[in-house]
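Visitor: Sharing a structure, written as structure tokens. Questions coming.
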Amino acid sequence: MFKKQLLRLKSLLIWGQEKLTKKQFIFLASVLVGILSATAVILLKAFAHAVFTFATYINATLKLSFINSILPVIGIVLTVFVIRRLLGGSIEKGTSQILYTVAKKASIIPKKQMYAQILTSSLTVGLGGSAGLESPIVVTGAAFGSNFAQQFKLSYQDRTLLIGCGVAAGIAAAFNAPIAGVLFAIEVLLVDVSIAAFTPIMIAAATGALVSAVVLNENILLTFKGKQTFDYHNIPFYILLGLFTGFVAVFYYRNFQKTEHYFAKLKFGPYQNAIIGASILGLMIFIFPTLFGEGYESIKTLADVDPGKLLDNTLFSDFRNNHWMLLIFVGATLLLKAFATGITLGSGGNGGNFAPSLFLGSYTGFFFSKFLNLTGLTHLPVSNFTMVGMAGILSGLFHAPLTAIFLIAEITGGYDLMIPLMIVASISFAISKRFEKHSLDVKGLAQKGHVFTTNKDTNILWTMDTEKIIQTDFLTVSPNENLERLVDLISHSNQVIFAAVNSNNEVAGIVYFNDVREIIFNSHKVKYTAIREVMAEPVVIVNNFDSMEIVMAKFEKSKTAFLPVVKDGKYFGFISKSDALEAYRNKLKSMVFE
């Protein structure tokens, strides 16, 4: 029955594609992708919230505090089981896979990503793994956009645009923050966007936010009501908070990666790794229950009028009214979050760093302001600093300051904190960028040699395939032949450059037509001059596996129009600078959305 309804809907959409203009159909597609992305958000968020509520109830009613420690073990082991048994043994984690897909895989995302991320992250995070649901949500939304475009045979540009729609809708639905969704899609994903292409992304984000807001209540979504009026006298402290969050972001960045890599490389079996890592995580959660799941409930508690509730149902509940003990608890949790998330993902769980960045930011802002208040140096609005701290860490980890600013502005219900948000996000971004060139998600690509930066020229060059512009049909000569052979080749070809290759097919030198122009009209010299006497050493040589960024750097260094290419040390062909620039222009044209 359900399959029959889907076929009817597809037939209706095919009919609509024929009747509507291309732009109208893209608008319709953006609405549908927005609805699908919001549905994924609803399923994930509702499940995670239900499990958290259940665990809290069991803990409070039956006094079984260990329930929070057992659930993550079950969740991570189940995640490993599902990945190995149902999903082919592996699954891509994080939003970097979207960047790689857009750049190297023609924006084609496998169908299994439409359900794999939902299934695995709901088990990991829903059952208490210390990670976030937003990265899986973003990947799922992108998969919906890509596969919708594939179903209706849309172009690369339109596939990429609908991926952007899915990403924007996912973030918008997760936080009821459509502006932040649009900015995240553009700031992190798309290379260049015109006003016309901006519209579908906004439609998708608005649709996702609307559907999510209608279905999910405020207890599930991350929202705040208790912010205080902005006081410009506190600007110096917001500057200090920006510095503090920048360094905390770097601390998290490095320790998360070390922890994740350590547990991922344990030489036990996948299930043993999962049990070992999840057991350590369970112990951490037993001592610090706030590390359970996404942690959004504890963020709301910190920003509340009674943050001491954070210590309820913990080993430290007797100290709930002790401000210094609360501060120590928050500080310890802040330091442990990087390790908790690293263990969660490294031991086999699936999730992301978006929610942990907000968790860490709120704890950092609270710790900073509460400490200064307790020392008597000043009196800062703790709830404001708690909220603004989230923008600082998010900006520092993802190198997306605009997303951070507008996300926190939207979830706090207005723009009263816009000035401190801008101050903290920009300073934290600058600090993080100083120590880490790439954002947390992009770092994985960079380590594999797939560099993706905020430099558009570099990004475009990275998406180009060097081998596609190598000319392998150039005629070659031997260094031991005389110029008669070269003259014969010149008369029968349009080449202006020849590779002189030895008996092992290695490049011995390069012969430029301009260098022999005068000699070839002297029959005596042509007959008795060996090619090795007129060939030149190649200034630089290109390897067939070199990225286009490296190739263009070699052109810049050599100041020549052609570069010889070798493959496994043997002559392979030439790359023309004019061909490289033409390929660049074509790629740029294909990546501009109109």
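Cβ atoms are placed via backbone N, Cα and C, with glycine included.
Pulled from TrEMBL, these are the listed features:
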type     : residues : note
TRANSMEM : 25-58    : transmembrane segment
TRANSMEM : 64-83    : transmembrane segment
TRANSMEM : 161-189  : transmembrane segment
TRANSMEM : 195-216  : transmembrane segment
TRANSMEM : 237-254  : transmembrane segment
TRANSMEM : 274-292  : transmembrane segment
TRANSMEM : 324-348  : transmembrane segment
TRANSMEM : 385-408  : transmembrane segment
TRANSMEM : 414-431  : transmembrane segment
DOMAIN   : 470-526  : domain 'CBS'
DOMAIN   : 535-590  : domain 'CBS'
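In terms of burial and nearby residues, how do these features look in this structure?
Guide: Away from its own ends, the transmembrane segment (161-189) comes close to residues 26, 29-30, 33-34, 36-38, 40-42, 45, 95, 98-99, 101-102, 107, 109, 133-134, 137-138, 140-146, 148-149, 154, 197-198, 200-209, 211-213, 221-223, 398, 400, 402-403, 406-407, 410-411, 439, 593 of its chain (Cβ-Cβ under 8 Å, at least six residues beyond either end).
Panel annotation: around the transmembrane segment (274-292), residues 52, 55, 59, 65-66, 68-73, 75-77, 79-80, 128-130, 263, 266, 268, 298, 310, 313-315, 329, 332-333, 336-337, 339-340, 343-344, 346-349 of the same chain, lying at least six beyond its termini, place a Cβ under 8 Å from a Cβ of the stretch.
Sequence-distant neighbours of the transmembrane segment (324-348) (same chain, 6+ residues past either end, Cβ-Cβ under 8 Å): 72, 76-77, 79-80, 83, 93, 124, 129-131, 248, 251-252, 255-264, 270, 273-274, 276-278, 280-281, 284-285, 288, 290-291, 302, 307-308, 310-311, 314, 316, 356, 359-360, 363-364, 366-367, 370-371, 374.
Averaged over the domain 'CBS' (535-590), the predicted model reaches a pLDDT of 87.
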Visitor: With CB pairs under 8 Å as the measure, which of the listed stretches 25-58, 195-216, 385-408 comes out on top against the transmembrane segment (237-254)?
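Guide: Comparing 25-58, 195-216, 385-408: 385-408 has the most Cβ pairs near the transmembrane segment (237-254).
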Visitor: Per DSSP, what is the residue tally for the domain 'CBS' (470-526) in helix, strand and coil?
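Guide: Counts, helix then strand then coil: 20 helix, 16 strand, 21 coil.
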